[in-house]
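**Q** Starting off with a structure, shown below.
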Amino acid sequence: MNFDSIIKNGLVILENGEQEVEVGIKDGKIAAIGQDLGTSAKIIDAKGSIVSPGMIDAHVHITEPGGGYRDEWEGYDTGTRAAAKGGVTTFIEMPLNQVPATVDEESIQEKFKAGKGKLSVDVASYGGLVPFDLDGGIQELDSNGVVAYKCFLATCGDRSIEGDFMNVDDYSLYEGMKQIAKTGKILSIHAENAAITDKLGEIASKNGETSLRAYVDSRPVFTEVEPIRKIILFAKETGCRVHIVHIACEEGVDEIVKAQQEGVDITCETCTHYLYFYKEELDHIGPVVKCSPPIREQSRLEGMWNRVLNGDISFVTSDHSPCTPDLKATDNAFEAWGGIAGLQNNVDVLFDEGVQKRNMPLSKFAAIIATNPAKRFNLASKGSIAVGKDADFVFIKKDAPYELKAEDLAYRHKISPYIGRKIGAQVVKTILRGVEIYDKEKGISNEKVGRFIP
């Protein structure tokens, strides 16, 4: 067979373990895996690199269109360039922050139009479950190709902005789950108790307690666990498949494992920042590290890592949710925007912290960044290095420490809690459907080969 390109000399993570094999690429697909595949028009030398499936980040916020309200936030151009530089070849875009929120056919088509010609990586879409669009919106989104749905139990959205996202009440959650169950797709849920966290935050602010530690204390662990239990009950009642996003506590994971044992179709993810940062250092870092649910105590880090390593947590995401710098420029944690810019530093941080520091097998690494999200969200052509799959790869150089600087970031706004951190591995090349979209020496390709899925 004549290949368009062949990857040679790398340690390739396959589904049955890592091997020093060659990978032949034809028409954007993996066409062969083996030894001595021959020559081709192009040889991609992976010497010194670990070749992994490109990351599928299942939790990313892009704010385009901005609707005249958020036009200066992260858009498709910079967001997907950062993804490429970070080894992310596909991400699933959340239905909020953009204006209007993605809740029906009109809004998702507006989003597709806004992103046309701007994508460096592939982008799948979430549709939103909101109280104001329970009459037809879910079905319209299904017809327009969303891979899953998303709702919030925590308070969200700006009521002064027409068409902005809104959290669900119990009836909207129940009715939405019944409708989504009929599509066969997954409902991903931000599980925090809105009434309690809002009130505790209000009390702390009135008492002048505005530090990040006070913010964390206003969102205690039980305010994650309680809504997870409710979601499990609703899932049993409606038959809706569910997924808990950005889980930050071991107790919540354990509730999900119990439900799985009872036959509930439920999974969960955590985020890189919950496996890296900890409460005791937050005020030193500043509001750039504020997120929801909050980052918890250092004593919980290994408990969360153990649940990643044993498979209780299915995969890891960034929950990339950047904003303009002014929304982080405050000493009042309750007033700062709650979101972390982390899309570019999933692969390197997770490889360093998981593989290099905690002896995570390479097959498990590939599973948590690519294979498992591909399976959960039915991205059938993605997620593993196997014949017939899309030729999506990230090349990782192990034991290659570097200090992240602001100028290294491809985001629109160069703000991230990872700035100044020494990271012990590097992404050196990213390939999307056979096309090199990032190379450490050449930089990010200006060729916009990404596309919306489907």
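Backbone N, Cα and C define each Cβ position, glycine as well.
Here's the feature list from Swiss-Prot:
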BINDING   His59, His61, Lys150, Asp319  Zn(2+) 1 binding site
MOD_RES   Lys150  N6-carboxylysine
BINDING   Lys150, His190, His246  Zn(2+) 2 binding site
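Describe the structural context of each listed feature in the structure shown, including burial, neighbouring residues and relevant distances.
**A** Around His61 (Zn(2+) 1 binding site), the same-chain residues six or more apart in sequence whose CB sits under 8 Å from its CB are Glu74, Glu93, Met94, Leu96, Asn97, Asp319, His320, Ser321, Pro322, Gly339, listed in sequence order.
Residues near Lys150 (Zn(2+) 1 binding site) in space but far in sequence (CB under 8 A, at least 6 apart, same chain), listed by position: Met94, Pro95, Leu96, Tyr126, Gly127, Gly128, Leu129, Leu187, Ser188, Ile189, His190, Val245.
Counting every protein chain shown, 23 other Cβ atoms lie within 10 Å of the Cβ of His190 (Zn(2+) 2 binding site).
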**Q** Give the three-state DSSP assignment (helix, strand or coil) for Lys150 (Zn(2+) 1 binding site).
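**A** For Lys150 (Zn(2+) 1 binding site) - judged by DSSP and reduced to three states - the answer is strand.
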**Q** Please report the Cα separation of His246 (Zn(2+) 2 binding site) and His59 (Zn(2+) 1 binding site) in Å, rounded to an integer.
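**A** For His246 (Zn(2+) 2 binding site) versus His59 (Zn(2+) 1 binding site), the Cα atoms are 9 Å apart.
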**Q** Cβ within 8 Å of the Zn(2+) 2 site centroid (Lys150, His190, His246 excluded): which residues?
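**A** Same chain, not in Lys150, His190, His246, Cβ within 8 Å: His59, Met94, Cys151, Phe152, Ser188, Ile189, Ala191, Ile244, Val245, Asp319.
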